[in-house]
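Per TrEMBL, the features are as follows:
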type     : residues : note
TRANSMEM : 33-57    : transmembrane segment
TRANSMEM : 69-93    : transmembrane segment
TRANSMEM : 105-127  : transmembrane segment
TRANSMEM : 148-165  : transmembrane segment
TRANSMEM : 204-223  : transmembrane segment
TRANSMEM : 252-278  : transmembrane segment
Amino acid sequence: MDLYFFYPEQYQALYNCTSYKIDDIPMNRRQHMVMGVSFIVIFCVFQVLYIPCNFVLWKHRDLACYKIMLLIGIADVLNLWAAAFLTGFYAITGAVFCSYPLFNYVVGCFATVLWGIETCSSVLLALNRCFGLYKPHINNILFNGNRTCLWLLVIVIYSFYYGLFHKPALYNGIYVAWMFNPHYGYIDDVNGSYENVYEAAHDAFIFVSICTLYIAFSALLLFDNSKLIAPFSCKTTLSKFATKKRSSQKMIFLQAFLISSTNALNAALYFAIALVSISDNALYIVTYVWCAAHGK
């Protein structure tokens, strides 16, 4: 949003709607009824499911991992309004960026802020789980008490910088996608004016970090399980304890992996969008993956 407040000439050059008319693209190319309804349904289902999920996370917020997951859950609930509801409404009505340019710009900026919070928190969650499994004493140093809240505060501050001081992804009604060039389909970005290298760097970092941490997490989990099984193999009671601990660790791994895997996939897709042109069908998939990233 810094362009709007501090660089109005650049904002007007990028986002003004005077160089074409909305109806230059006919309504049948801008309206996507089936996709629109599907996004509204996705929004309703995910919002209902998040009520008990976030309530449980709130009850257990004394644990560092649940604090992190609670922030992720709050960011998801808020960003679903853009990723699912607004996308669905616009797809049904045939709206494009220039139907509500300033509103869409503001929504895009804050959706980017929430995406930053969600993705960075996913990386922090993976770090917390890895240290919790392999180096509990380091985990306590980093995440004990209110230290987790400090990490989350850093993430929130960074995400506001990331979302408000760089070009956001904005809704494009022709392709039912959130793109850096909201005029795509009307005006091509031949000069690279809408390119967002910072977004590409952020998404690359998220993808590489999540993949690396979960590969490490998997290896640590297998190594820890082998240590648990060997000494307890002839002791029934302790063997049961080892099995129970192993199951608990696997469940924690599964929860954290599900939260982060869709983020990694979506980050990879938006990294591709930031650098190269992709097909129309791929753009549709990106929007559904974005919804899934906020509803897992």
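In case you wondered, yes, glycine gets a Cβ from its N, Cα and C as well.
Automatic prediction, not curation, is the source of TrEMBL annotations.
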Long-range environment of the transmembrane segment (33-57) - Cβ separation under 8 angstroms, sequence gap at least 6: 66, 69-70, 73-74, 76-77, 80-81, 84-85, 87-93, 176, 284, 287, 291, 294-295
Stretch with greatest number of CB pairs under 8 Å, the transmembrane segment (69-93) reference, 105-127, 148-165, 204-223 candidates: 105-127
